[in-house]
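K.L.:
Below, the features straight out of TrEMBL:
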type    : residues                                                                               : note
SITE    : Pro76                                                                                  : site 'Important for tRNA non-discrimination'
DOMAIN  : 139-420                                                                                : domain 'Aminoacyl-transfer RNA synthetases class-II family profile'
BINDING : Glu162, Arg205, Thr349, Arg353                                                         : L-aspartate binding site
REGION  : 184-187                                                                                : region 'Aspartate'
BINDING : Arg205, Ala206, Glu207, Arg213, His214, Leu215, Glu346, Gly391, Leu392, Glu393, Arg394 : ATP binding site
Amino acid sequence: MISRVLTAELAEHAGQRVTIAGWVHRRRQLKSVSFLVVRDRAGLAQVVVVGEPPGLPREESVVQVTGTVRTGPRAPGGVELVEPEIEVLSEPSEAPPFDLYRPVVAAGLPTILDHAPVALRHPLLRAPLEISAASVAGFRQALDGLGFTEIHTPKIVGSATESGANVFGIDYFGRPAYLAQSPQFYKQAMVGVFERVYEVGPVFRAEPHDTVRHLAQYTSLDAELGFVRDHRDVMVVLREVVAGMLESVRGRAAAAVDLLGAVLPEVPSEIPAIHFTEAQKLTDSEEPDLSPAQERWLCEWAVREHGSEFLFVTGYPMEKRPFYTHPDPARPGYSNGFDLLFRGLELVTGGQRLHRYDDYVAALDGDVAPYEGYLQAFRYGMPPHGGFALGLERWTARLTGAANIRQITAFPRDLHRLSP
Ligand code: AMO
């Protein structure tokens, strides 16, 4: 490793000669004094060069600077490096597509996405990714604390899980195969092994529409647990997990939250829940599913009526849920499946699953051949179980107020975008 101190630690070295390393965030050459702002993973630091403009390295050069740490009220953050020796480790071949040091991002979304490797270095574009990372850390920590085991399941699979419509087909050594739309089958099978499992991984959806909330690849935060009475036990775990994710964001990503001015929600000790039929009544609808506009309306209603930015809708009609969904024994036609809505958007889908082999055979109308691998688990005894999947990008978009999910996705994949 290059021996260095981080910019955020400079104040601890007042008066000493130290080395920092990072990118030239900004260069300002004046008549008798010039400034370099160096950016590293921890923050920014100013380097002061006295004398004639010395031909300083341009923005985004990677530099190593050895200098004396001077503290004082004139330095940004109260500390700067003086009498520097600057070594350039690599020089950019061209200027960034927009200035990374300006406090606003002076570029539209297509420019940002076309130049993502450099654009994401802008503090405002990096911050949502820090919030994502902290969220995932909180997800893992919350579930580890509840006795869950992290699993890793195949992303190349032999059958569709959610529906045949939006699956990407691939050629697998001459055989048809698919990119996994969800770890659904595998996480259920692993309940037979560990009782409680979770996975953080990419999933793929051949979404044919250009929307602000759909990607062709997104990160799914999945959990599944056995020995539940019904879906309500899953909802209790989900509430804990969401609270844990927020706690982690507050702790680990505090600077990113501040920079973005993001307002984090409170999680009520019990998230309000309404049955699907009640949601229909409230939105004056007879459709078997909720439209995006209805989801938005219901979220506003939950804030008004319950002071909660989260709302569970339970008991979706069986006809709209995948075949593995457990029916509600008390209400024919309705399921033990739920969605969690947050700030106007469906954030999580979950529910109780079928757990007996014969029920799967019936749900599939006997057409079990494509699902033989999946159904194996159920031939050997499975506990009543359920789980959920939370879309990480939707979560981060809602937390940061991004109107389009692409704004907070480093390298989004959609109908048009395959590079960078
Ligand atoms: P579902 O298909 O509803 O359920 O997906 C779960 C969650 O994933 C997110 N999501 C998406 N995010 C970005 N782009 C997309 N194209 C996209 N599609 C879905 C949403 C959604 O709530 N197996 C079930 C989950 C379960 O029951 O455990 C499933 O995949 O936030």
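From the backbone N, Cα and C atoms, a Cβ is placed for every residue, glycine too.
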K.L.:
Cα of Glu162 (L-aspartate binding site) to Cα of Pro76 (site 'Important for tRNA non-discrimination'): how many Å, rounded?
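P.N.:
Their Cα atoms are separated by 53 Å.
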K.L.:
Taking only the recorded positions Pro76, Arg205, Thr349, Arg353, which one has a CA atom nearest to the CA atom of Leu392 (ATP binding site)?
P.N.:
Thr349
K.L.:
If you measure Glu346 (ATP binding site) to Arg205 (L-aspartate binding site) at Cα, how many Å is it?
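P.N.:
Pair distance, Cα basis, whole Å: 16 Å.
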K.L.:
Whole-number Å only: compute the distance from the Cα of Pro76 (site 'Important for tRNA non-discrimination') to the Cα of Thr349 (L-aspartate binding site).
P.N.:
46
K.L.:
Other than its own, how many Cβ atoms are within 10 Å of the Cβ belonging to Arg394 (ATP binding site)?
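P.N.:
The answer is 23.
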K.L.:
Within the set Pro76, Arg205, His214, Thr349, Arg394, which recorded positions show a CB-to-ligand 1 distance under 6 A?
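P.N.:
Near ligand 1, sequence order: Arg205, His214, Thr349, Arg394.
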K.L.:
Who sits close to His214 (ATP binding site): which same-chain residues at least 6 apart have their Cβ under 8 Å from its Cβ?
P.N.:
Arg205, Glu207, Ile405, Asp414
K.L.:
Counting each residue once, how many in the region 'Aspartate' (184-187) are helix, strand and coil under DSSP?
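P.N.:
Its residues fall into 4 helix, 0 strand, 0 coil.
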K.L.:
Cβ neighbours within 10 Å, counted over all protein chains: which one of the binding-site residues Arg205, Arg353 has the most?
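P.N.:
Checking each of Arg205, Arg353, the winner is Arg353.
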K.L.:
Would you find the one among the binding-site residues Glu207, Glu346, Thr349, Leu392 whose Cβ has the most company, meaning other Cβ atoms within 10 Å?
P.N.:
Leu392
K.L.:
Let me know the largest Cα to Cα distance in Å among the ATP-binding residues Arg205, Ala206, Glu207, Arg213, His214, Leu215, Glu346, Gly391, Leu392, Glu393, Arg394, as an integer.
P.N.:
19
K.L.:
What average pLDDT is reported by the model for the region 'Aspartate' (184-187)?
P.N.:
96
